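Engineer: This is the structure I have questions about; it appears just below.
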Amino acid sequence: MLNIGPFSFHSRLLLGTGKFPDFDVQQKAIDVSEAEILTFAVRRMDIFDAKQPNLLERLDVKKYTLLPNTAGAKNAEEAVRIAKLAKASGLCDMIKVEVIGDDRTLLPDPVETLKASEMLLEEGFIVLPYTSDDVVLARKLQELGVHAIMPGASPIGSGLGIVNPLNLSFIIEQATLPVIVDAGIGSPADAAFAMELGADGVLLNTAVSGAKDPIKMAQAMKLSIEAGRLGFEAGRIARKRCATASSPLEGMSVVE
């Protein structure tokens, strides 16, 4: 089970809802992924205008936990305003904190992310900050009392996969709360690798919505995350420089 604050989930796949070709493909991809947490940018939805079509109209909101994010925020104050807007609309108190500090790389601003997380915790939110793979920042966020840490595998939408597995492994090893790898996942192999490192979950969007067949890719991501977690729990063999015979040699007789 993936436990975040008071919530428990069977699926370890968190799915973003943007950039799908149309609502039908989006819904089918969500269904086959079996994701229980769906994330979306509050700024890209007019959640107060009933005349504007949006994702929430099409979803059985009782079936999913919605994770609004603060994408578009440039500082802590903007992030808090967006989070309060989501809460006022009746959405979940759980919020993904996203404060971008660089428009080219879309990497998060560490100072403003820390500040926004602290402010939202004081407001009673369940806080999931999106961060870089900065080990020290992850520890500071943990000490602050956030409910999960979401380090990026690589820049948002890049599809580069996990470019710094060592840092991610350090973050996971020191964590006493869920670590959800977020951003940069490009393939099922990337998602499986994140889980093999010991991540508690993976959040992805573009890898599915931008695939040639988003529905098949959603299913592939589901299976790869399950396989990666199972492999982590099983425990891989140690790496060795030299070969080790896999067939027993003792107790065998050679018939001439």
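The backbone N, Cα and C atoms fix where each Cβ goes, and this holds for glycine too.
Pasting the feature list from Swiss-Prot:
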ACT_SITE  LYS96  active site, schiff-base intermediate with DXP
BINDING   GLY157, ALA183, GLY184, ASN205, THR206  1-deoxy-D-xylulose 5-phosphate binding site
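Give me the lay of the land around each of these features.
Structural biologist: Close to LYS96 (active site, schiff-base intermediate with DXP) in the fold, though at least 6 residues off in sequence, lie THR39, LEU67, PRO68, ASN69, THR70, LEU128, PRO129, TYR130, MET150, each with a CB less than 8 Å from its CB. When secondary structure is read from DSSP and collapsed to three states, LYS96 (active site, schiff-base intermediate with DXP) falls in the strand class.
Cβ neighbours of ALA183 (1-deoxy-D-xylulose 5-phosphate binding site) (same chain, under 8 Å, six or more residues apart in sequence): TYR130, GLY152, ALA153, SER154, PRO155, ILE156, GLY157, SER158, LEU203. A coil conformation is recorded for ALA183 (1-deoxy-D-xylulose 5-phosphate binding site) in the three-state DSSP classification, outside any helix or strand.
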Engineer: DSSP three-state call for THR206 (1-deoxy-D-xylulose 5-phosphate binding site): helix, strand or coil?
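Structural biologist: THR206 (1-deoxy-D-xylulose 5-phosphate binding site) sits in a helix per DSSP.
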Engineer: Can you check which residue among the binding-site residues GLY157, GLY184 has the largest number of Cβ atoms within 10 Å of its own?
Structural biologist: GLY184
Engineer: Tell me the Cβ neighbour count for THR206 (1-deoxy-D-xylulose 5-phosphate binding site), meaning other Cβ atoms within 10 Å of its Cβ, over all protein chains shown.
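Structural biologist: Taking all protein chains shown, THR206 (1-deoxy-D-xylulose 5-phosphate binding site) has 18 Cβ neighbours within 10 Å.
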